[in-house]
Amino acid sequence: MDESILYVPAGPEGSALAASLHSTRQNAAFRYADSKFLSAVCSGQKAGDRLFLAGSKPLITVYSWGKESPDQRIPVPEPLTCMALCKHPSNEKINHKVPTFQLPWLLAGGSASGKLYIWELSSGNLVCVKEAHYQAINVLKFSECGTYLVSGGADARCSVWKTLDLVTIDDPETQKTASALTFMDHTLAVTDIWLTTGIRSDIRLYSSSKDGTVRNYDITSGKLITTFVLPLSVECLAVDPAGRACYAGLSDGTIRTVLQYKVNPHTSVLEAVGGNGKVVTLATDPELRESFVHHQPHRVTSVKVSLDGTTIISSDESGRVMVADAVTTQVVKALSPATSPVIYLAVDTVVAGSQFGRFEKKHRLIPQLKRVLVDGDLTKHFVSMEFSEEIKPQPDFDLWLQQKAEEAREVEEEKPKQKEQDSETEKLAKLTKAYGDLRQKHEQLLREMSA
């Protein structure tokens, strides 16, 4: 397995690039990638995936993975400031091959007016328009399971929406409902949002703001867990896959490590930092043990963490993309710099040695995105889907082990029974032999007495 880094610069003259994290290979390139900060999103980094970019005009530019020039330019109601994709809900009962033409389920976009737009990509229908914030929406994120959509705006609010309530087109009253949760603890604009992966009842929300704080919330209970106070404005953040640390990119070019667990010096026990709404002020780090300074003095625009949590990938407003070791904080790799600030950074796991840049010629264009809300009549709801052949069920390894264990148990249980049966057979043979000898003796005595 390998990891691929996709970074998109700002401005119409830039080119988005995808490069390998563990080698010098360049996987893909996209020319004329006009986009603004956080107004880009990618469905993946393999054949059939797409890159969506939104610039200063009310247009969405769509690229097919592996093709340098754009495939489509789709008009939208107004310029979008951020976007997010929601995958199709998983269903373990469906077991089909991945089709050539595949699209995510939903595309969400936020605007400078505070409106939230949601399109269904398979049909192009506009399924939701909502006045979500009082000011511009800065960031949108779907949870991994697709249950929640979280929006952060310049009005210092974080709103948690239930996806099902937003896309229920046959019940207008459901779409009028307010957000499930609204967090108003920040005092300045929200700059980034991070949602942890895992079970639905244990999703944590991390939000950063220009007020210099990173706040950790529990979505299930709606409670503030911990507030981390940093010395400068927090521009972006990323969380370790195991939840061990949070990495906050600051406005002066520093990336600060915010540990979520520390060893108690009195008890020598590893304990969680904060909790129960505590405010934790991070101490200065003069020895730079928990700080990455390779981007100074340029503002950090994005931070990502590798799959194993040992590598930090970051970008800044000068166009540099750096790879650093999470333990030593030393730079281990520098990618080809962009000519303008990097506004989008994504890291995906891919198959090593595969055709990363291969363009799927049999692809189809996605439907045009509507600018008017869809009719609530479900009989008029048409979607474009490709059905692939069903995969033959493979033997379940766990079931095979269980069957072998049962067979071994049956063999072990048959051994005592076989021993008992052999013992009874031997005893019967002895009795038969003794009876035969006794009969011969009786016949001999009878002949002697008769004579």
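Even glycines carry a Cβ here, placed using N, Cα and C.
Annotated repeat 'WD 1' per Swiss-Prot: 89-129, in sequence order. Per-residue confidence over the repeat 'WD 1' (89-129) averages 81 (mean pLDDT, predicted model).
The repeat 'WD 2' annotation in Swiss-Prot covers 132-171. Distant neighbours of the repeat 'WD 2' (132-171): 38, 81-89, 105-106, 108-116, 118, 120, 125, 177, 179-184, 186-195, 197-198, 200, 203, 205, 207, 209, 211, 217, 219, 374-378, 381; these residues of the same chain sit at least 6 beyond its ends, with a Cβ under 8 Å from one of its Cβ atoms.
For 185-227, the entry in Swiss-Prot reads repeat 'WD 3'.
Same-chain neighbours of the repeat 'WD 4' (229-271): 188, 191-192, 194, 196-197, 204, 206, 208-214, 279-282, 284-285, 290-293, 295-305, 307-309, 312, 314, 316, 326, counting only residues six or more beyond its ends whose CB sits under 8 Å from a CB of the stretch. Annotation source Swiss-Prot lists repeat 'WD 4' at 229-271.
The region 'Disordered' annotation in Swiss-Prot covers 408-428.
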May I have the DSSP-based helix, strand and coil counts for the residues of the repeat 'WD 2' (132-171)?
5 helix, 17 strand, 18 coil
